[in-house]
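Everything below concerns the one structure shown next.
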């Protein structure tokens, strides 16, 4: 702990020297490059025979006998993280989220030349998942086991560990695993609907069978595949996956059966009752609620409007909690990052950012605002917050560290990943033994010999600290489900509003403009009624080397009846980093790059960290429009 405190103290001394670093550096991130790299990561995670167009050249073929001992072909698919096991639940969730990213933002991916690579990444997953589903009520959910795998530090190409495969069937059910895999198949069928209709139909056939299997033979998959419990335990159970699968089945087929399933089972399976503050491979409720909210706003609820309204309330509760505008807000680090847990926290950041991004666009399409306990929130605020989370990951944080390997100038060098940490089999084909890999490569205090381009690692702790050590698996291990939701957000941010038109005509009719009613003369503001209010409060504090640091939140509210533009704030007695405003050469602060004005009655937030009393914030100038 002393080391991390020293790092924190050094960081603040450094920031004092270089000055304040604003969160949004005038569009300073290359989201297109980040998107390309994040897709490339999936090629490093491939198992099986690598194709001729493989771009990650340091990888070779691996897992070529997977499933053989079980009498089934299970060659292919993805390694989930830094190990060599193929876990079905996170793999299927990864495919679902990559597919959802393409469904929403495929146009933007196409404009940046990445759509074909993203679709290849989905197909690598679905090709395997179809093999893993050889019969209607049989699904293989794991190849290899974590215990023997973690005992060894070997390249995938050198594996000597058990490759026994584990399955669920009607006598040993796994509704969560089968439900998530049905969702993956259904979502992917939409991705390939135009370009490969035969493949799309094949995926749908598997999806129909898997949903039926999940719903008819109910049970938790980790009760049937107990070796998964230590690694991907189904804490939330299977109810969320049944609803999640139904939502994707409806989206893919437009079949009323699945719409009715959502309406009739929403209460019993928790879709209308659980207000979540997380979304990921285990807990799907917020994702279901977001999809159902879109169905409702798109006029598709039919007789289920009241039930779907409850889903939407819970979806909005999730959004508000992320924004810090709810009675049950997510925890954030002093630097403003969503924080759920120390072990691989960024998985929750990328998945939440995706939901915020798509919901922002759904609301914009439906011409609605978000309703939080603190008041109405414009859709643009959701997108701005998602952008702030992505910017943090890409380097706008107190450590100035990019948590995407290969992006920026300062990123993790000792990733907890067997393949990247051991010399490539193409460079040195000498066999690396199970324990020899630990002695020679795992304990090596040097940068990885192979760059794991695009990998999103576990990320910083609750105080923005990060230790770049290979044995620090909680922070330096990457995972496919960290990257999958980020594809959509990066595509959206890279495309800006140019590729956004396809979202506007959604499934709802545009309301006819109402006749403009004459308005009474506005009341003139008296000089004593300040049009702008600034409220500051401490949101958290921590101690490093005997010094207490505070994170302050400042809310700027437009109390006039007009729109405020050209806002200039003076911030003095500030001794640390500030996020959410743009600093001008003159030293004053203006709106962040993603905000051009502040409408009547609206608020915006900026945050800063230092070890003193609140900074002095005052209004230098503004115009009323």
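Just so you know, glycine gets a Cβ as well, placed from its N, Cα and C.
Note: TrEMBL annotation is automatic and uncurated.
These come from TrEMBL:
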SIGNAL    1-26  signal peptide
ACT_SITE  416  active site
ACT_SITE  468  active site
ACT_SITE  477  active site
DOMAIN    532-613  domain 'Carbohydrate binding'
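Mean pLDDT for the domain 'Carbohydrate binding' (532-613) in this predicted model: 81. Residue 477 (active site) sits 5 Å from residue 416 (active site), taking the C-alpha atoms as the reference points. Between the CA atoms of residue 468 (active site) and residue 416 (active site) there is a gap of 9 Å. Working note on the active-site residues 468, 477: by count of other C-beta atoms within 10 Å of each C-beta, 477 ranks first. Taking Cβ-Cβ distances under 8 Å and a sequence gap of 6 or more within the same chain, the neighbours of residue 416 (active site) are 82, 457, 470, 471, 472, 473, 476, 477, 478. Counting residues of the domain 'Carbohydrate binding' (532-613) by DSSP class, helix then strand then coil, yields 0 helix, 50 strand, 32 coil.
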